[in-house]
Amino acid sequence: MGRFPRPSGPRLLYTLCNSNRKTTPSQSPAAAAVLRGTFQFRDFSAGSAARAKEDKEPWWKDSMEKLRNIGISAHIDSGKTTLTERVLYYTGRIHEIHEVRGRDGVGAKMDSMDLEREKGITIQSAATYCTWNGYQINIIDTPGHVDFTIEVERALRVLDGAILVLCSVGGVQSQSITVDRQMRRYEVPRLAFINKLDRMGADPWKVLNQARSKLRHYSAAMQVPIGLEDDFKGLVDLVQLKAYYFHGSNGEKVVAEEIPAEMEDLVAEKRRELIETVSEVDDKLAEKFLNEEPISSTDLEEAVRRATVARKFIPVFMGSAFKNKGVQPLLDGVLNYLPCPVEVSNYALDQTRNEEKVTLAGTPDGPLVALAFKLEEGRFGQLTYLRIYEGVIRKGDFIINVNTGKKVKVPRLVRMHSNEMEDIQEAHAGQIVAVFGVDCASGDTFTDGSVRYTMTSMNVPEPVMSLAVQPVSKDSGGQFSKALNRFQKEDPTFRVGLDAESGQTIISGMGELHLEVYVERIRREYKVDATVGKPRVNFRETVTQRAEFDYLHKKQTGGQGQYGRVCGYIEPLPPGSATKFEFENLIVGQAIPSNFIPAIEKGFKEAANSGSLIGHPVENIRICLTDGASHAVDSSELAFKLAAIYAFRKCYTAARPVILEPVMLVELKVPTEFQGTVAGDINKRKGVIVGNDQEGDDSVITAQVPLNNMFGYSTSLRSMTQGKGEFTMEYREHLPVSHDVQMQLVNNYKGTKEVE
């Protein structure tokens, strides 16, 4: 660093560093911060606070206004990670560009997991930060697959703005609609970026119209491309009325020139369209437009910013991240049009006042309020990502987890750059940081103890698919359960359960890819091979008619033998009975001594645990004991219990048993154009449609479908509806299966029995 220069700026830092003779510049976090060019120094003296009051400029005003928290979201393969890679390169955070599926095998910076680099997809959202024109930008790159939708959900929950990337060929696709819905849910102002203008068939105007019709975006283009496909050379900025070309090996030299003469008419038309669109949602611009006053580029820029921050307008930028064109103007757009943390209103729930809503000022002056929005298991223990909404957090501070009431110390505070970390001493409101060694759950709120606020948690979708999973070797059970516990803590949409009946470990998630990735991660990160299968469906058996039993259990060996006789009948319970199993003793007199009756009931219950058709429990039966016989010496509890078990098995087939299968109530929400295909598929799965309603552009279908036919349904529904359909299902009742299904199940059961 060299010698510490005498600062010409605020005296407070110099006093801070000089007041303690032992402090060298490298030891002083504040000094280091100034030398690094960041803005995290604070002045804690009372005098300077008074000075700040006089100046009416709080110490944090400049740094907060020069801060942006943005997320990059889109459909699969629209170019999110490639765009982030270019942003990091142009802002100087990385010094060479690597492609997502590059031949060099390095992979993009934000795809830090081996699995991500192999598959060429983003699985976990990754955070980073960079500096552009003196502004700090925190960026979260999110996955595009619907299976990892929680990553997008929790990123948007904590961001102030977002970039929605659209492919100029694919246009508005299914996941674009989902992501846009999530942005609306969290009220995030956004820009749209039409990527891949260099591809064959690129048509940005078609995509812009799709965004207006399908996403109901109120938007207009901020730029006009100079040429398309292979002829794509640069962009015309409609606000500044300048043509930009991108020279240099990686497009790092941006050259501003005059607009090409042949494009002047198109540019004038598109600029007028932009002004008209914005003036409809911004009164100041509308006034000038109606009075036919000249509208300067500054007027237009300010109007676009006001409308975008108010979420009334979405500016549309264009370019090709892969060909290094249009990324720098997009970064300027982020600074010019997306809000800083102070301009976004966030509210918390005050736990001391019955969860009353409290609007947070969002300034570092207030009490600390931070939300843990993502957990990751790092090399040094649990890494917790925090978004600070108010106040300041320092290394070594004690903070309180409002949800659990625990007081914890912040042992280490870092800023993330994909999977790399940079230690920092403190961070203030508006920033996204990570802490080590703090035990908490995703969605917990931390404060400094002066207030008891909680932030509203994220919307967590219900899992749509389950698999049975078990480790190949018995020895690796410990590592296997450790892996499942960790993944469950990190990802709220990944659930683990134990099926009490079959003893299988069941994992549930958002789709086949989601669960496949976790099984693969268990193999790689924990060295545990696991087998995956279809979960066992919990069938039941029942009887349909009355059947008599009369069974004598007699066994004579040397000494005391076994003797017990039971007579009676079994019959089905009437529909709607509260109990699934009833035992009645109708014996008059002492044919069987009363102390043996509980043993007989126990025997029948045990026999009913496994029916003879497919070995599943027998339900809805009543067993009546009418007669029997006992022996003074040889009768015992065991003898009568065995007599009951054999009596049940003997008369069970005479009672015409049937198999019951679980039937689910399925609710589907699909765009109306796919209604016929989806309904046909439900019929194919032996489902019964019980309701069909219209909700906007969507059809809501209610059906009852056997669970056994619903395995892998999420994948087929997505392929039938181009990924736009969604469904939920819940258990309704057990109903008898058809005769052919019963025969098939019985034969399968016999086959497995013979193998055993």
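Positions of Cβ are set from backbone N, Cα and C atoms, glycine also.
Per TrEMBL, the feature GTP binding site maps to 74-81, 141-145, 195-198. Among the features that TrEMBL reports, domain 'Tr-type G' is placed at 65-342.
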Checklist outcome for this item: On the domain 'Tr-type G' (65-342), the mean of the pLDDT values is 83
Item to check | Under 8 Å by Cβ from K80 (GTP binding site), same chain, sequence gap 6 or more | outcome: I72, S73, A74, T122, D141, T142, G144, V165
Checklist outcome for this item: Within 10 angstroms of the C-beta of H145 (GTP binding site), the count of other C-beta atoms across all shown chains comes to 22
Next on the checklist: Can you tell me how many other Cβ atoms are located within 10 Å of the Cβ belonging to A74 (GTP binding site)?
Outcome noted: 28
Next on the checklist: Within its own chain, what residues at least 6 apart in sequence put their Cβ under 8 Å from the Cβ of D77 (GTP binding site), listed in sequence order?
Outcome noted: G144, C167
Checklist entry - For L197 (GTP binding site), what residues in its own chain, 6 or more apart in sequence, show a Cβ-Cβ distance under 8 Å? => result S168, P204, P225, L228, E229, F232, M318, G319, S320, K325, G326
Checklist entry - Over all shown protein chains, what is the count of other CB atoms within 10 A of the CB belonging to T142 (GTP binding site)? => result 28
